[in-house]
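Database features (TrEMBL):
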- 287-309: compositional bias 'Pro residues' (COMPBIAS)
- 1-147: domain 'F5/8 type C' (DOMAIN)
- 148-281: domain 'F5/8 type C' (DOMAIN)
- 305-448: domain 'F5/8 type C' (DOMAIN)
- 454-711: domain 'GH16' (DOMAIN)
- 281-317: region 'Disordered' (REGION)
- 1-19: signal peptide (SIGNAL)
Amino acid sequence: MAAALALLASYVAIQPAQAADALISQGKTATASSVEGAFAASAAVDGSTGTRWASAFSDPQWIQVDLGASATISQVVLNWEAAYGRAFQIQTSANGTTWTTIHTTTAGTGGVQTLNVTGTGRYVRMYGTQRGTAWGYSLWEFQIYGSTGPTGTCGGNAALGKPITATSTEGTFVAANAVDGVAGTRWASAYGEPQSVTIDLGATTSICGLTLVWEAAFARTYQVQVSPNNTTFTQIYATTTGAGGTENVTLSGSGRYLRIVMSNRALPFGVSLFEIAVRTGTTTSPSPSPSPSPSPSPSPSPSPSPSPDPGGERLLSYNKPAVASTSQSDGNCWECTPARAFDLDPASRWATSSTTGWVDPGWIYVDLGAAAQISRVVLQWDPAFARSFNIQTSNDATNWTNIYSTTTGTGFKQSIPVTGSGRYVRMYGTQRATPYGYSLWEFQVYGTGGAPNTPPAAPPDPRNPPQLVWSDEFNGAAGTKPDAAKWRPDPGTGPNNELEYYTNNNNANMNGAGQLVMEARQEVTPGSSCPGGTCQYTSHRMNTGTKFHFTYGRVEARIKVPKGNGLWPAFWMMGADFLTGRPWPYNGEIDIVEVLGKDVKTSYTTIHAPAYNGGGGIGAPNTLPNGADFSDDYHVWSLDWNSQGMTWSVDGRQVFALSKAQVEATRGPWVYDHPFYIILNLAVGGDWPGPPDASTGFPKQMLVDYVRVYQ
């Protein structure tokens, strides 16, 4: 094998702010000189390192944040995408018109830049005068730290240097690192949950706030507790939507001991904190609470994904009989019956009839089999959602009692706490949000009682630490074909108006040096049919299909992509139910990397599902530092995937991340909690890359050094 084993995980750590500073820009109004596509200015202040602002490809460009009131600025953190600023200024303004420069550089380095500054103003601007690449300017996050004036007496850091204990420690990343006031040190836990840290404040203390500065391995779900004696603890804060980064939490409680219990990791590794700062005193205007997992587009964010079994409740509605006002079954929504909303299949849905059901009211109810106490209802809406609706219960499916009503339904995923009882539970829509009808991917009822069916077990998350479970190192002798025990060739034409014919292994061979060579050639395949006539090119496509598929883990490949107009190399995965007849995109697609040969400075990561696919898929382009070509050398593209979401990396550098809660709350159902198989192919032509031309220069080769899966 030409390359040594790669490290299982590598993250870019964001330098945290000084302990006494507060993050004052998150969620504030942001504007910019220009915007590229969907990469809005608001994405730079949403708290997510998976969304970003991007500008037009010219100088100068700027992005500014309105803090809402005059503030004293002490630090600015710029988390650049590869399109960074070589020369830029940080400026403040009282009115958004007249600007004062508080930092300037002509030697910007990209990456994460932490700038200690001194200035005041309501508006803060990054003003770029020279780009570091041929692209524009792009920021994952634009964070401003400081203070906005008196807000009571809440402040300080009572945890600094205090004794701290933890349930576990990874290596030398001891708990004391989280309270030492040093930005570059951190505590890290073992790979498991729950984990906790407990700080002895030395005396009973009035606690008004908490600042958590997370490393990339953050906690999605955690509780803050206080105690007078380190034995009996009282919870004063809890969240299931921790967003990572720097979280400022408003608290009200007192105690000598403060404990943070982390019960749900966002990544398959442990949890890790650079700093914990405990604020003391009182507040007159609360600090911002941790934001829910931000969206990859500027959409409203309803309630996040609920825990499967909080508070002793259980799912009562799975596979129970259902009835609706009407249902749809045609080419646009085949067999979209009421039962589809209760099957726990995120890719099937109920919809009202397209001929008689695009009217108000519209309704659907479930028979729980026996009387039940209802505590929560979860609705995952299709774009055809209800603006106004009621949740109702009944003992006889005739007489109904409202237990929830709204006239401001937001669609997407809504988790609604309710109190009611009955055998039947109904969503009764009174006003549609669109000209269409009502449609639900999922309608889940939680509580106690009823006659529930046991839902299928959730697939397990990867082990901690993950272990290698499958690989192909391509170590065969020169001319050897791909291992038939691991791969199956997929001959035929391609989709997307591609111009190649994929042969039955004729275009794939080991090179004897530890790589698989997949070659695209300019040659005719008699009897084939491509756009414009007989296929004029051949290439290779293969997948693990029925040989190997898996749910969750880390999958990575070391690949050298070719350069040239019309080329389209890809490393991706498809839901395994595609092999048994479920059509795309209902099976789900995960694109780990796609590169267009006409622009080898950019690679792309995307996911596709029924509610978002094709040009509407969720993803992001990414580039190498200093604008290097992906075709110049091998690169390791990897995906970390678990029950909470996905993280994409290139050469160990995180380039994109999505959480399940984010997607469900802003785009639609998450269809990735089931087995997927791996695909490698080198396409020629198609809707996206366009056709090859005389400059392409066939043959062209995609070289694969290895493919590995860890769980």
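Glycine too: its Cβ is placed from the backbone N, Cα and C atoms.
Given the structure is predicted, the values throughout are model-derived calculations rather than measurements.
Note: the domain 'F5/8 type C' (305-448) comprises 8 helix, 79 strand, 57 coil (DSSP; helix = H, G, I, strand = E, B).
Taken through DSSP, the domain 'F5/8 type C' (148-281) splits into 5 helix, 75 strand, 54 coil. Along the domain 'F5/8 type C' (1-147), the predicted structure has mean pLDDT 80.
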